[in-house]
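Engineer: One structure coming up, written as structure tokens, with questions to follow.
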Amino acid sequence: MQSAATAVILFLLSGFAVCAAEDVGRITIVGLFPSEDSVEQMAFELAIHKVNLDPALSNDVKLEGRVEIVDINDGYQTSKIVCESLESGVGAIFGPAGYESSVIVQSICDSMEIPHIETHWKMNPIQQPNYYINVYPDPVVLSRGYTAIVRDMDWTSFTLLYQRDEGLLRLQHLIQDYSGLTKLSDTELSAITIIKLSKNYDYRPMLKEVKKSLESHIVLDCDTDIILTVLGQAEDVGLMDDYHSFIITSLDAHTIDYGHLQFKRTNITAVKLIDPSSPTVTSIMADLEFVQQRMNLNMEVFRAETITVNALLMFDAVNVYAKALRGIGGTKAIKAEPNSCANRSITGWSSGFSLINFMRVVETDGLTGKLRFDQDSGYRSYFTLEMVELTNTGFKKIGVWDPQKEMSYTRTRNQMLDDLVNANMNKTFIVASKITEPYMMLKEDHKNRVGNDKYEGYVVDLIHMISEEINITYEFKLRNDGNGKKDKKTGKWDGLIGEVHELRADLAVCDLTITHDRRTAVDFTTPFMNLGISILFSKPKEPETNLFSFTQPLSFHVWIYTATAYLGLSIILYILARITPNEWQNPHPCASEPEELENSLSLINCLWFSLGSILCQGSEVLPRAFSTRVCASMWWFFALIVTQSYTANWTAFLTSSRKESAIKRVEDLDKQSTIKYGCVRGQSTAGFFENSDVNLYQKMYSVMETYGDTVMMYDNKQGVDRVKKEREAYAFFMESSTIEYEVQRNCDLTEVGTWLDNKAYGIAMPFNAPHRTAVSMALLKLSESGKLMELKDKWWSVSEDKMCPIPKKDSAELDVNEVGGMFVILILGCMLGFLFSLLEFLWNIRKVAVAEKLSPWEAFKLELKFVLKCHHSTKPVRHTTYSDEQSSEN
């Protein structure tokens, strides 16, 4: 609406402007162009008409344009044309584009005090001219803008392809910023490689070298007319893929029709000075369209999306000049004065100095954004660079840079993620992996299956879940030479890392540890599994159990000697008791003069006394004489030593007989020489020991290197098999996650000690991969939802029927197998006592049967009947005939 209103006002006031033209003087401005009908000339003429019809300027300013065609390489001809123009009075000189011609024109303008206005790139001279304005961005500030864009894209290295030497000057800040850096993948290579494009327009040889260097970032500085040629030949050599990015420095790069290249997956970023969507540009373009129609100008209609930067700058230059002219009084007060290059007495244009100074301080909005100039040099110090990205529908604005605010993005993070997701559509991702349980395995009937359906495992399910999250298709590609190690001579990587590094695979996933060396070759997503290095070792053997293990604390000879001492002491005590008179006591204390004495230390009682002493039990039989007491004391001392020694030895025996691993931590391996240890050669675990700053790990790596192939394995499976084969003679360093998997399936294996480090598994992909963010976000989502944990449980756990038995706790508890002998002896003792009791019972039946003249069966029933009366605690005395006769005789 605003632009339409402006057009109406221009139309209504155009007649008035024509009438007022007689009262307003005209200032002639000269434009020097290399050819007729160039786009810069059209912009020059259109800008003059726009100024003359603009109601805000036409009352004070009227311009008259004069176009001169010059040879930019012929300084003499150019100077002659300029001098001829000055003789009729000129208010400003615009152009030319050539460097030599420009220097000559500048010299003339300084002498004649005529403003010289340029719209092309030109390096700042050492001596600043007094009458000079350049609407083109300051080369130093522009170079700083390119550096900011490259830095903001997180490029750590790049290759610069340039056409002209002035391109190096244009990008000097960028070159200097990266010249002191080195590539992450090789500390000996510079982060920036500079290659000049050949003059024969065959760029394929140098582009092939860029392809071989594996550099994915390219800055292209060349003329607009050869951009498509360079990109087309880059497509021929395979540089136009997902993993290569181009930044085109030409400010006219957005004006080209890229054709099928815009459907390529290569990231092409360009910069431009115009924002077609800004209100200022929209209004000006509408006014220009009206001017063309009003003046019946036979020229191409300008469009903001395709107009060249030189045309834009030419329009802005005329507009700046007109506003400065109006600011110091307009054409009513200023008149162009004739000058002569041959007449040395002429001092110059009287209004030139004030006009040029006003132009340097004026600020205005034009087609190329806000214009602000350095007051000393006259170069444009403020401008905005639009950062645009080539998409299927053309260029899309993604950010803006200006010298004050630096870089700012115009799209949200969600919009960026949506763009990445859309970029992944219609592509089949190559996923490199290897056969390793439980990450990637072949199905039992894989020969009857095709494609991804042949595989199963943790990785298969993980990639499937990621593909569902970001809507991609994929295809597995197997390698059999490990995760990847770098050849120190050639610098090339093999294995999964090599597949990704050389762009033969989009993703690589398996038990792939994120390490510093690998990070210099490929990029990694966020980790999907955390782990550490640990020790795989065989479980200690179960100790052999013995039913009579309680006898093992004392040797067989000691048991014989102890039994012999027991019998010998009992006999000696018996003999001493019969010898010493103090052991013979009165059986009837009430009788003062007994007829016989009694000795309580019979042989049976001595045996009972000795047994009770050594078993720490009491006895009603005790020695009375000094000699027998001395002997008994020595026996007690002997029994004390034997029983305490037995107790201590048995405790030690029980402790030592428990199953215990020969190593408990990594330090134990270093302190011994019996158990050998190793790891997989050339992989991340070996790299941990090799590059560690801990003396212990360095020493252990030296030992492993000394033994070489006798301890170093080629893969984890070989290491696991050796641990199982050489029980308690070989330890294998391996990632804890794999150890966990093996231990659950091999009951004779165990994990020893704590983790030596903390690391993680990640998905590898090439640097600058457009799908990195999408894959990482999918992994984070799966982790937060708990699906990654569920997936690990699915492939690590085993069924109940295959689970290893839960081991006994390592405590001092005794098992029945170890003390069962004591129960056997107790049972045998009880049975022996029962046997003797039965014999005594039968002997008593015989005596009763004989004494009472009963049959054995009747006597047996009589005694058995009494035995079964359990509630009776007294037994009547049976007086036999024999006993009665004995009593009567006495």
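A Cβ is built for glycine as well, from the same backbone N, Cα and C atoms used for every other residue.
Straight out of TrEMBL:
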type     : residues                     : note
BINDING  : T513, R518, S684, T685, E735 : L-glutamate binding site
DISULFID : C747-C804                    : disulfide bond
DOMAIN   : 428-798                      : domain 'Ionotropic glutamate receptor C-terminal'
DOMAIN   : 438-502                      : domain 'Ionotropic glutamate receptor L-glutamate and glycine-binding'
SIGNAL   : 1-21                         : signal peptide
Engineer: Looking only at the domain 'Ionotropic glutamate receptor C-terminal' (428-798), report the model's average pLDDT.
Structural biologist: 86
Engineer: What does DSSP give as the helix, strand and coil breakdown of the domain 'Ionotropic glutamate receptor L-glutamate and glycine-binding' (438-502)?
Structural biologist: 27 helix, 13 strand, 25 coil
Engineer: In the same chain, which residues outside the set T513, R518, S684, T685, E735 have their CB within 8 A of the centroid of the CB atoms that define the L-glutamate site?
Structural biologist: N483, D511, L512, I514, T515, Q683, G687, F688, K759
Engineer: Based on the record's binding annotation for L-glutamate (T513, R518, S684, T685, E735), what whole-number value in Å is the widest Cα to Cα distance?
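Structural biologist: Max span of the L-glutamate binding residues, Cα based, is 17 Å.
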Engineer: Have a look around T513 (L-glutamate binding site) and count the other CB atoms within 10 A of its CB, chains all included.
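Structural biologist: Result for T513 (L-glutamate binding site): 22 other Cβ atoms within 10 Å.
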Engineer: Can you tell me the CA-to-CA distance separating C747 (disulfide bond) and T685 (L-glutamate binding site), as a whole number of Å?
Structural biologist: 24
Engineer: Taking Cα atoms as reference points, rank the binding-site residues T513, S684, E735 by distance from C804 (disulfide bond) and give the first.
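Structural biologist: Going through T513, S684, E735 one by one, the Cα closest to that of C804 (disulfide bond) is E735.
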Engineer: So if I draw a 10 Å sphere around the Cβ of S684 (L-glutamate binding site), how many other Cβ atoms end up inside it?
Structural biologist: 23
